[in-house]
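Before any comments, here is the structure.
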Amino acid sequence: MDKEKFHIPMPDERTIQNQINQIVAAGVKRNKSFPAYLKSMYHQVGIRHLFSDRSEFVFILFIAINLLSIFLVRSETVLRQVDNLYAFIFLISPVLFIALSVYTYSNKIMNTTYEVEMTCKYNVYQIIAFRMLLFSIISILVNSMTILFIVMSYNDAHFFRAFMISITGLFIFSIVFLYTLMKKHSTVIAAMTIIGWVLGNLLLKFLDNKFYSDILINLPLFVYGIVLIGSISFYIHLLKRLVYFKQTKGAF
Amino acid sequence: MIIIKDVSKQYGSFSVLNNINLEFINGVYGLLAPNGAGKTTLIKMLATLISPSKGEILYCGENILDMDEGYRTLLGYLPQQFGYYKNYSPKQYLLYLAALKGIGKKEAVNIITELLDKVALSDVMNKKMKKFSGGMIQRVGIAQALLNDPKILILDEPTAGLDPKERARFRHLLSELARDRLVIISTHIVSDIESIANEVIMIKNQQILYKDSVEKICASLEGQVYEASIRYEQLDEFRTRYVVLSEKQERGNMRVRFIHKEKPETEWQPVTPHLEDVFLYEYRDEIEVEV
């Protein structure tokens, strides 16, 4: 008996590629973009629930007031020299962010509500990422206001340089902080990062004062700009990883 | 619906579960084992709180870890220790969790009213939870697990702290819910699941010992469970010779329920095995250690 031979035409390379793309597009779920994620969290969860803890607001206010007073008191006494002032701004710029982030992190991770919240659509890490982003913005605003007050009483200080030093300090610290938290989930590690930041800056200031002062006073602003853009993009990249973090896989 | 495929979980060199294979469809599944047998580990893996060291868990063919929020949207989970904010009322807390689950406020308010009514907390829905009893908190926990009308409901020791009336109400609620969803309950209390579970899963030595209906599991001891009245002085010797399941005083004597696999004595009365008998028999070593 003659067997009928079926001929299956081999598709060309372009058709194959198109079909692969179609299959992949249909089968692979794409992660939402970071801004889209933040937007949907903002709309679906809402600011009221993203900052559900009323004590957090009291805490923010308390830290902000304290920070402002430290700045103002210090500027009156010790920080007569402008390089001292810039070094102090660089050192202290992430303090508000530290206070808020450490509080929110330990509050969410250590709370007994962790397990329930981790199994919700928007889990604990996504909430933390959202909050940290907002804390950075709050820190920039509070720092800018404080710097504005200080610059008014200093003849040598320039607002823009002080502002750039402050935000660069904030984002460099935020990167180090977020990176270590994501590698090792522990409040001890978080505390060590903060101590490391303070000691590192103080050491630089006192061991090699000239070099450190030069960087702060003479480094061209565009270099600050480049460092700042790099830091912000890396910071956003880390926050994105926090959003898509799968606790269960144990790594980012 | 859910397939657990060759799943093992180790913490360093300590093995909690070893090569577990299970399949779940709609209905109530009771995960029954003594404390420390690995129930919570299995439950946490199903809730994506921890990941298997080996193997995978699939929902409709897709790995639940890869499904990410897609899986969490289908999930209702009550952990063994249900955490809450003390200064919140049940309504506030459920509104907060509803927001995290992506439920709109208007819809959430209706669902919450209905759920709090189901768990008999309507009259305290605006009271702060710091004044609540353990049973009331547990009922808030049950309500939050149902907020998103989950397709998969996982409850770890859900009846802890509930009184007998609340337990009965809870069993009734679960039977109703299980008609069109998968309900997995982990417990070491046999009566919680004996009457409602379509299948009971028992874990022993890090592996699945049984996954079957209550009737079939009980049939494993068919013709081996007896009751007899003995004198109080005979009790110690009796205990050394047979596996005693329960004992109670009865008109000056002791009424013992026990297991014997060989030829019985004439005065012994054969009885129908219950799930509790299988539980006590299979876990007799662990239970003795606990005592």
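Yeah, the Cβs are placed from backbone N, Cα and C, and that goes for glycine too.
The model shown is predicted, which means the values in this text are computed figures rather than measured ones.
The annotation transmembrane segment is assigned in TrEMBL to A:57-73 (among others).
Annotated transmembrane segment per TrEMBL: A:85-106 (among others), in sequence order.
Per TrEMBL, the feature transmembrane segment maps to A:127-152 (among others).
Look at TrEMBL and you will find A:158-181 (among others) tagged as transmembrane segment.
Taking Cβ pairs closer than 8 Å, the transmembrane segment (A:188-207) reaches residues 87, 90-91, 94, 98, 102, 105-106, 173, 176-177, 180-181 in its own chain, all 6 or more past its ends. The transmembrane segment annotation in TrEMBL covers A:188-207 (among others).
Among the features that TrEMBL reports, transmembrane segment is placed at A:219-239 (among others).
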Positions on the same chain near the transmembrane segment (A:85-106), where near means CB under 8 A and six or more residues out | 56, 59-60, 63-64, 67, 70-71, 74-75, 79, 128, 131-132, 135-136, 138-139, 142-143, 147, 150, 154, 157, 161-162, 165-170, 173-174, 177, 181, 187, 190-191, 194, 197-198, 201-202, 205, 212-213, 216-217
Apart from its near flanks, which chain residues at least 6 from the ends of the transmembrane segment (A:127-152) lie with a Cβ under 8 angstroms of it?
-> 38, 41-42, 45, 50-51, 60, 64, 67-68, 71-72, 75, 85, 89, 93-94, 96-97, 100-101, 104-105, 108, 117, 158-159, 162-163, 166-167, 170-171, 174, 178, 235, 239-240, 242-243
